[in-house]
Structure formats: C-alpha cells, structure tokens
Amino acid sequence: MATKQTEPVTIISLRNLSLETPEPQQKESKTFTVEDAVETIGFGRFHIALFLIMGSTGVAEAMEIMLIAVVSPVIRCEWQLENWQVALVTTMVFFGYMVFSILFGLLADRYGRWKILLISFLWGAYFSLLTSFSPSYIWFVFLRTVVGCGVSGHAQGLIIKTEFLPTKYRGYMLPLSQVFWLAGSLLIIGLASVVIPSIGWRWLIRIASIPGIILILAFKFIPESARFNVSTGNTQAALATLEHIARMNRSVMPEGKLVEPILEKRGRFADLLDAKYLRTTLQIWVIWLGISFAYYGVILASAELLERDLVCGSRSESEVVVTVGDTEGSQSPCHCHMFAPSDYKTMIISTIGEIALNPFNILGINFLGRRLSLSITMACTALFFLLLNICTSSAGLIGFLFMLRALVAANFNTIYIYTAEVYPTTMRALGMGTSGSLCRIGAMVAPFISQVLMSASFLGALCLFSSVCVVCAISALTLPIETKGRALQVSG
C-alpha cells in the first residue's frame, strides 16, 4: 500500500509573524513661526496703539515736507530769491532724503527698525530747530538738506506696522495711515496762516518740530519688530514681544516653540537685483519716481498757482518786482507775493482731497488688488493733470486740485503697501529705502517743473506730469507679483 505523500508544511511561529512593535518615540514638539503667531494673536489693542503712534510719524513728516511750500513765499521776499533759488530749497531737501534713505534702509535691515526710527526723529527734530536760526539763504538750504536726511528714516514706522499687522488687516489699516499725513499737512497750513503774519516763519519752524519731539517719547511703548529679531537669531526677544502683544490683545499664543531660521544674509543691495526680484524692483523704482514727481508737483504747483495766479496762463498784476543790491536801477526778475487768507483756505481745501478717495482706495486695494488699483488711480491722475489746463473759475481750480491731491495720495498709499509686502524680511527695509531714494529723484525734479517750467509753459509742464503718470500706470499694471492676501515672506 502506497504511502500517502504529504506536502511539506512550514510551521512558522505566530510570534515570528507578529510585526515588531516600534519602540515608543517621543512625541514631536509643535513649532510655530512669527507669521503663525501674528495671525493667531489677531488684531487688538496693541495694533490700535501701534497705528496711533507709528501712524503719527506721518504727521511729523508731512509738517517737515509741507513746510517748504508755505514758507517759500516768505523766504523769497526776505532774501529776494529768484525762481530757481526757491526751487533749489525743495530739491536739496529731497537730495538729503534720497542719499540717507538707502543708508537708513541698510542699517535698519542689519541693526533694527526701531533704532533707526528713533535716530531719524532725534536727528530731524534737532536740525529742524536749528533751521529756524538760519542767518542766510545758504544756511537755510544746508540745514533743510540735513533735515531731509533725518526725515528719510521715518519710513521705518511703516515697516514696523506692516510686520506686526495680520495679513487681512494690512489692506485696511495701512491706507488709513494717510489720515496722519493729512493731519500734518492741514496742521502746518493752519499754523502758517496764523503764525507767519504774526510772529514770522522762524517761529513756525520751531512749533512744527514739537510733534516730532513728542513722538520720540512715545516710541518706548512700541517694541522692535519680532520678524527682525528672529531673522537675527534673537528668538527670545521676539517671543517676549509676541507674548506681550497677546496679553495686550487678550489673545493666546500658538502652541509649541518659536522656530525661525537665522538669516545671515540681510540688507544686501544685490538681493534687490536678483533674478527673482529684478523686474519687480525696476518697475517699483519707476513707479515710485513717477508718483513722487506727480505728488510734489501737485503740492508745489498748487502753491505756485496761488502765489503767481497762473490760472489760464496769466500772471498776477499784483506781482511786485524787488530790487537786489544797492546799485541803482539793478533789478531782479524775482517777485514777492505773500499768501492771502483765501490762498491758505484754498490750500486747506485741496489738501483735504488727500483723504477723499481713501474709502474707494481701500476697496480697490482689497478687492481689485494692489496692481490694478494703482494702475487705475495713476491713469486718472494723468487725466486730471491735463484738465488743470482748462481755463476755469477759482472754484473749478479748487475742484481740480482737490481731485489731483486725492489721486496722488491714493497712489502713494498703494505703492507703500505693495513695496512693504512684496519684499521678504531680509531686505524689506532696504527695498523701502531704495524705493524712497529713487522717489526723491522725482521730488527733486518736481520743483523745477512746478516753479520754473510752469511759469514759461503752463501746458508743457502739465503734459510732462501727465506723461509720467501714464508710464507709471502701465508699469503698475504689468508688475509680476500681486501681494493681495499673500503672507509676508521671510527670505527671498
């Protein structure tokens, strides 16, 4: 009987089949970034204080910049200046601003936004007070140039605000900062109408330096940017700042440990021209230059239109020719026409225009995006420059100036926000600084167009302003990066 073959059976112990139980591992600790913390903490009381204090830097800056427009007729009369000499004052202020804007941007990316902001305010207040004691035109130009150097650091206030605000609030809160610039402009015009006729322009300068001095005392309530601190490896300081904000806002911090890479390469000019940002940087520079050219062109043209009555291309019959020197019969072509109360009123009304389009500007920035919104307002600015050539009544002139001031202010609002958002933390201050520097080239040229060329060819000056605005509108529309709703970048 054949034996039944049995198939070999492999007996495997169930013990061997069981998967090895992994050794218990430590639970991964949670981490978070500054961006996570800012978004988690949200908007609250700290940000309101930040908005009021850092926003007020615009009051001081506006008063120092607008000061030249209201003082120009007085120093023209006192020192018997010609058109180019009056224009040179503004140009040199912006020359100082241009040079130190880059320097302060470099230093802010390397040593901190808060320190540079404090230094710039101390500098500006000190030399502004010295300006009031200027014994001559040359000293006045020199000291105002040094003031311009100091004022260039005020932009760090905007960067600090940008780096602390949650993403969804930046498009609303940053444009509202225009209120402070408006307040500074109105304040200096109102003070000029009272102070200059009574106690003179020197006291106006002294009074105008007071807001800056008060702000210096308020800076101690605002900490250094947490984004800057973590980028330099000072994580403990950043964490302490974020915890302080959370307590003020009665909010909570995200769970875990604050972790950010230490960024050794900070504040390098070459990064702005890196392939990733080259096109953006060049187009931003064009836009900044054009916006500044148009903005200060409108401000100075407004003063010139009132001072010399160039409406409809005419000259004021009340223009007074003054004699320069003791030589009999030698006369200077300069004129002396002081602002009347009605002129100050017109300046105030047109200045209020800077806030008129703010609600529409905020809506455009948040719903249309930064690029399209800026392109539209720049194109409208070009149109209203041309409309200014229409021979109209005084009320019509005020209306055109009102709309122009509203549009140029909206342009500045949008480009400030876009520039602060598009660059990463490692070069944000430098990006703002170089843009502000290029911006001052436009501001340096504007006085010679508004105060010199406009007297020779009114239409030619307006066409030049309009053409520059058209170029800026095209450049804004074709920017490669849209920052609407985008988180702030840490590194490039």
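Here the Cβ of each residue, glycine as well, is placed from N, Cα and C on the backbone.
Just so you know, TrEMBL annotations are computer predictions that nobody has curated.
On a predicted model such as this, the values are computed, not experimentally measured, just so you know.
Per TrEMBL, the features are as follows:
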DOMAIN    50-484  domain 'Major facilitator superfamily (MFS) profile'
TRANSMEM  48-74  transmembrane segment
TRANSMEM  86-108  transmembrane segment
TRANSMEM  179-196  transmembrane segment
TRANSMEM  282-306  transmembrane segment
TRANSMEM  456-479  transmembrane segment
### Tertiary contacts of the transmembrane segment (282-306) (same chain, 6+ residues out, Cβ under 8 Å)
66, 69-70, 72-73, 90, 94, 339, 343, 346-347, 350, 374, 378, 381, 385, 388, 397, 401, 404-405, 408-409, 411-412, 415, 418-419, 422, 431, 434-436, 438-443, 445-447, 449-451, 454-455, 461, 465, 468-469, 471-472, 475-476, 478-480
### For the transmembrane segment (179-196), distant same-chain residues with Cβ under 8 A (at least six beyond the ends)
55-63, 66-67, 70-71, 74, 203-204, 207-208, 211, 339, 341, 344, 347-348, 351-352, 354-355, 358, 409
## Note on the structure
Under 8 Å Cβ-Cβ from the transmembrane segment (48-74), and at least six residues away from its ends along the same chain, one finds 86, 89-90, 93, 117, 121, 124, 128, 144, 147, 151, 154, 157-158, 160-161, 164-165, 173, 176-185, 187-189, 192, 196, 200-201, 204-205, 208, 211-212, 215, 218-219, 221-222, 248, 299-300, 302-303, 307, 336-339, 347
### Summary
On average, residues of the domain 'Major facilitator superfamily (MFS) profile' (50-484) score a pLDDT of 82
